[in-house]
Amino acid sequence: MAERRFDPTRLPGFATVAVAVFVMLYLPIATLVAYSFNGGESVAVWGGFSLDWYGRAWANETVKAAALRSVVIAACASTLATVLATLAAVGVVRNRRMKGRAVVYMAINQPLMVPEIVTAVALLIFFASVRQATGYQGLGYLIAAHAAFCVPFAYLPISARLEGMDATLEAAAADLYATPRQAFRHVTLPLLTPGIIAGAMLAFVISLDDVVITEFVKSAGQDTLPTYMLAQMRRGVSPEVNAISTMLLLVTVALLTAFFIINRQTNRGKQRKRPQSLPSASRPWRCPRWPRGS
Amino acid sequence: MGPAQANRASWTLAAPALMLLLIGSIGPLLIVLVYSFLTPGDYSGVQRPFTTRAWEQVFLTRDIFDDTLSWADAHLTIFWRSVKLSVLTTVITFLLGLPTAWFIATRPRERRALWLFLITIPFWTNLLIRTIAINEIIRSEGLLNQVLGWVGAGPLNLLYTDTAVLIGMAYVYLPMMVLPMYAAIDRFDTRLLEAAYDLFANRWQALAHVVLPVIRPGILAGSILVFVPSLGAYVTPRVLGGGKNMMIGNFIELQFGQGQNWPLGAALAVLLLVAVGLALAIYVRVLGGTGRDDG
């Protein structure tokens, strides 16, 4: 046999399938965005480019209220989740011999492993009885629920950053007579900031996107943008839903791009073999995004 | 600081987060378990006595006239659809995901980040938006039927069928399969392939006997990341399956809404949780067998 010439990295047909997959991934999203600019009344027929539907969505008081509610909930929940996740990460990551470390780890990642619909009905039951007992009807339930499932997403980049940080800097601070509190305030916290920002951003996106838990926990008149869209889908697609989707998409992409830039700077100089933002193959719960809103 | 003191400090710092999770996630799950053993309330909610009625209802129906028990066909249909669609979703995403992950991992290092970013954008895009986007493609006047019309093929009535749900789930969960497989392929030593070729393996033999066994942890992780959420899927079957093509997730919702049978809903939720737990346990077990838990 003649010399076998080959490129071991090429498998026949793989590149073709891969490119087809990328096209298939983006085609529906592109179609949705394109149709949000459709000037025609009907969803089916292209009636020329127009920003009509954006204008209508913008003028719709229900949509505006839902958007504001989404942002308020996401801001409160992500702040709460980030603060608590930071405290927990500092406590857990720095103490490698901590007793019950695995328990804390499991508890923090628990929202990722339970199907969202199960958590949703569990919260429906729980908050229904709290509502009956206290009479409180506000956004507090939604904020608490969102904060809880945001904790693992906030925890992930913060603990990754902490693990990559040099603990000797804190030891040096202690040698220079800094109290633990001072060492944290002036050494650990500034170094941890990029991780905290990244964690807060992930938590914000996750909260903003949530459908299932919000749908079950909300009281009447507490729609967020995603639950409003879900309700609209009962009547099929409307160009207005496309316009709202496109705007939400834009917010997500903007936040993600910012996240990647921050994350890249965070990881720079750490000489890690794999980027932090990728899920490890053998531990799905370290994946940056377990399917929320399934 | 001694170890005991350090322990106490760690727990103190973790306590607020744990409290929040207890209120917002773990605690309510225990209440669901209790509810599954109660009797439906007159309007909604539950009342005593404690019974196993709900659990019996999961699989069996009692005839209202002669009190005989028979299999609850409607429930079994929904369970079967959930399992079937979840398995199919996992298989489809694997078949499409493997070439994609391989493609990304074999790009030049500088360009790999871009391809990864392209996979990550849909990964992070709101699942509801992606489901609506698929709806846009497959509905009767959607893009697919327009294209089919141009080539003279008849229109397909896909929307509100099991196939629509399957297409939707494969679409929304595909990135979950690609990312862990990419991570595994990225660490794959291509010299193994050269060795296989030297030993006269053809490409498919090399794929089956060298590549797949080595990247098995990535395949398993991807499969579990797709299978588990598929089984509990709620949004995709609701938007693409209509009212009829329910999966377990929608059926649970039905019991808490129109069905007004909270104990049955709770029992179904516990059942789903057990199924998912089982899948995760098998996953950990199988992965332990490979001895490659190096993540």
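Quick reminder: no glycine exception, Cβ is built from N, Cα and C everywhere.
The following features are taken from TrEMBL:
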TRANSMEM  A:12-37  transmembrane segment
TRANSMEM  A:66-90  transmembrane segment
DOMAIN    A:67-262  domain 'ABC transmembrane type-1'
TRANSMEM  A:102-127  transmembrane segment
TRANSMEM  A:139-158  transmembrane segment
TRANSMEM  A:187-208  transmembrane segment
TRANSMEM  A:243-262  transmembrane segment
REGION    A:270-294  region 'Disordered'
Counting only pairs 6 or more apart in sequence, are there at least 3 Cβ pairs under 8 Å between the transmembrane segment (A:12-37) and the transmembrane segment (A:187-208)? no
Maximum Cβ pairs under 8 Å to the transmembrane segment (A:243-262) - stretch from the list A:66-90, A:139-158, A:187-208: A:187-208
Would you mind listing the long-range same-chain contacts of the transmembrane segment (A:139-158), meaning Cβ under 8 Å and 6+ residues beyond its ends? 69, 72-74, 76-78, 80-82, 84-86, 88-89, 108-112, 116, 119, 123, 127, 130-131, 192, 195-196, 198-200, 202-203, 206-207, 210, 213-214, 217-219, 222, 224, 263, 266, 276, 285-286, 288-290, 292
